[in-house]
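Engineer: Questions regarding the structure given below will be posed in turn.
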Amino acid sequence: MLYIVGLGLGDERDITVRGLDAVRCCAKVYMEAYTSLLSLGLDPSALSNLEKLYGKEITVADREMVEERADQMLHEAADADVAFLVVGDPFGATTHTDLVVRAKNMGVEVKVIHNASVMNAIGVCGLQLYRYGETISIPFFTETWRPDSFYEKIQNNRLLGLHTLCLLDIRVKEPTLESLCRGKKVYEPPRFMTVNTAISQLLEVEELRGGSAYGADSLCIGVARLGSDDQKIVAGPMKKVLDVDFGPPLHCLIIVGETHPVEEEMIEFYMIKS
């Protein structure tokens, strides 16, 4: 059996009782570490916290391992119970559908154990979940690569009066372009996009596109470390939220659409005061 277990958003204690039971019965446990991170990070002490509670040694699975060597894990799951741990929900912000398809094609039984993800926990900011449009991802810009395909999606959401959840780039164990050219991988230091960088890039795209999808005065909500004890939520115009220190990762951003009076009352608790 391959168990795909959601860990929730905070720390090692956010796993469900059902998920914990599954992990403890497994012969091998992997933890996906490239689409998201728990608030406690991935340093050795953080991993030891997970291993102590779960009672299992955990193998960290980076993008390379999951995308290129997943068959090894699936072959193990054909003969024994294996757990694949995913921060948030297994089918939340980033799906692991491909892993499920490959497992089923190999005749490996799969059991999914759900948990909270950014897609539902973001309701804490006060905006009603059914008033969101298409979710977008914002990648880090480089000198030569400044993608803006998300712009039309924000524009469409705004035309419909819907809120836009922006998921911000996470770069963990990403090879440098130079090392790929040389044929020997050297990895960049981990990077996590901040709300501030996201707003700066969004305003740059709006200036170039000029479609009035949003602007410096548009209402937005910045969120940091969603689901943890020290989560931070700040609402206000983009130009003001741009200067807020949100602290450590992970961050996300909401571009607010048309609001209901109840939403407005809730947002007021998080609003930057003049």
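Numbering starts at 1 and runs along the chain as displayed.
Note: Cβ is positioned from N, Cα and C throughout, glycine not excepted.
Taken from TrEMBL, the feature S-adenosyl-L-methionine binding site covers Leu9, Asp89, Gly92, Ser117, Val118, Leu168, Leu226, His251. According to TrEMBL, the domain 'Tetrapyrrole methylase' annotation covers 1-240.
For each listed feature, how buried is it and what is near it?
Structural biologist: Note on Asp89 (S-adenosyl-L-methionine binding site): other Cβ atoms within 10 Å of its Cβ, all shown chains, come to 26.
Here the domain 'Tetrapyrrole methylase' (1-240) has a mean pLDDT of 90 out of 100.
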